[in-house]
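> Here's the feature list from Swiss-Prot:
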BINDING   ASP24, LEU25, ASN26, ARG39, HIS62, LEU63, GLY64, ARG65, ARG121, ARG161  substrate binding site
BINDING   LYS211, GLY307, GLU338, GLY364, GLY365, ASP366, SER367  ATP binding site
Amino acid sequence: MTFHTLNELIADGVRGRYILVRSDLNVPLDGSEVTDDGRIKASLPVLTKLTDAGARVLVTAHLGRPKGAPEEKYSLKPAATRLAELAPFQVTLAGDTVGASAKEHAAALQDGEVLVLENVRFDARETSKDDAERGAFADELVSLTGENGAFVDDAFGAVHRKHASVYDVATRLPSYQGDLVHTEVEVLRKLTTETQRPYVVVLGGSKVSDKLAVIDNLIGKADTILVGGGMLFTFLAADGHKVAGSLLEEDQIPVVQDYLKRAADAGTEFVVPTDVVVAAKFAADADHETVRADAIEGSSFGAQGIGLDIGPESAAEFANRIKGAKTVFWNGPMGVFEFDAFAGGTRAIALALTEADAFTVVGGGDSAAAVRTLGFADDQFGHISTGGGASLEYLEGKELPGLSVLDR
């Protein structure tokens with residue numbers, strides 16, 4: 001694929017022009033407080049370049065999964081407030097997306113200023129499966145840019161969505177790839193076509209079903225796949241072990257067994273924990289103990305025990321594998337890192353990545369939130385992706401609509 005770049009757009013001149021920018025402001029909130037502003041900070045460079053060049057910038061973004069109508073808890077107000085605190089330019093939030101407030105504020109926008117339009121998912125047409133409905137919403141967004149507008153997609157976390165603000169606007173305006181999207185694609189390309197070996201992939205998170213396609217595509221490409229998180233218990237069950245009350249997707253056991261066989265034939269090694277931390281219940285203060293992974297029901301909690309983290313022996317083994325790698329991709333926490341008693345595995349993986357002499361990539365979503373929650377800085381890793389689902393779909397080999405539509 002070949003894309004028009006942000007630098008090309010700026011070289012053509014943007015002063016006084018309305019530039020529609022799809023940003024990723026989908027940040028976690030605690031009430032009205034942003035708890036992780038990583039995506040907001042990642043959006044700043046493109047917005048700053050454009051405002052420095054005199055553009056009038058209209059930002060579209062989503063937050064959460066509202067049901068096609070305004071919901072206060074999904075308002076972009078907290079994200080826009082944090083953006084304004086961080087930005088060297090003026091930021092205003094419209095009271096709607098394409099209504100009277102958006103039109104009034106857009107008309108009043110001055111060179112070098114930013115207007116954040118309210119959550120695009122407050123309009124059901126944004127995510128519609130009907131091309132005409134999405135197109136009509138895209139037309140209304142585009143109309144805010146006037147006669148000489150342009151579109152910049154800088155929301156890598158949304159490029160796997162065929163949504164109006166990602167896909168359809170790009171068919172209606174001269175369109176450019178934002179610097180963040182460019183960086184993300186270049187990083188992921190190194191994980192698929194220019195990979196230095198050994199290549200170690202760390203997969204966690206709760207469900208193996210969420211990772212099936214990426215696992216399928218990594219067999220024969222990755223040298224080693226380290227399995228943690230809730231998904232590890234389906235791997236243990238596939239090997240004939242009982243997992244007590246731990247998360248288990250029984251319908252995926254045959255799939256995992258097939259993967260294990262194929263991986264052995266293809267030269268990819270799956271490494272499953274040899275010990276796990278088992279708790280009496282899912283709670284921060286739950287009684288817990290470490291047991292062998294093949295004897296989970298032998299814990300003090302019997303068949304009611306719940307595995308909530310990989311054990312220290314497994315964490316050390318995973319860390320050694322990571323430190324021996326030249327390329328590492330990590331997606332998904334090893335345990336319930338939000339509870340300190342069950343954060344040990346995730347912390348060990350993060351620390352190993354910071355110490356590895358390797359190109360290290362932390363997948364977006366929970367993994368990015370985990371490293372920041374546990375006190376690690378972004379610059380301790382080679383790259384922290386802003387796109388969880390988008391990163392996985394890229395590694396699955398899928399075509400991403402938000403990228404393909406930018407291909408010139």
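Just so you know, glycine gets a Cβ as well, placed from its N, Cα and C.
Help me picture these features in the structure, burial and contacts included.
Within the same chain, the residues at least 6 positions away from HIS62 (substrate binding site) whose Cβ sits under 8 Å from its Cβ are LEU25, ASN26, ASN119, VAL120, ARG121, GLU126, ALA158, SER165, listed in sequence order.
Around the Cβ of GLU338 (ATP binding site), a 10 Å sphere holds 14 further Cβ atoms from the protein chains shown.
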> 10 Å Cβ neighbour count around GLY307 (ATP binding site)?
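By my count, 30.
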> Round to a whole number and give the Cα-to-Cα distance in Å for the pair LYS211 (ATP binding site) and ASP24 (substrate binding site).
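Here the two Cα atoms are 23 Å apart.
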> Using DSSP with the three-state reduction, classify ASN26 (substrate binding site) as helix, strand or coil.
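For ASN26 (substrate binding site) - judged by DSSP and reduced to three states - the answer is coil.
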> Could you state the whole-number distance in Å separating the C-alpha atoms of SER367 (ATP binding site) and GLY64 (substrate binding site)?
18
> Looking only at ASP24, LEU25, ASN26, ARG39, HIS62, LEU63, GLY64, ARG65, ARG121, ARG161, the residues listed as binding substrate, what is the longest Cα to Cα distance in Å?
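Roughly 18 Å, rounded to the nearest whole number.
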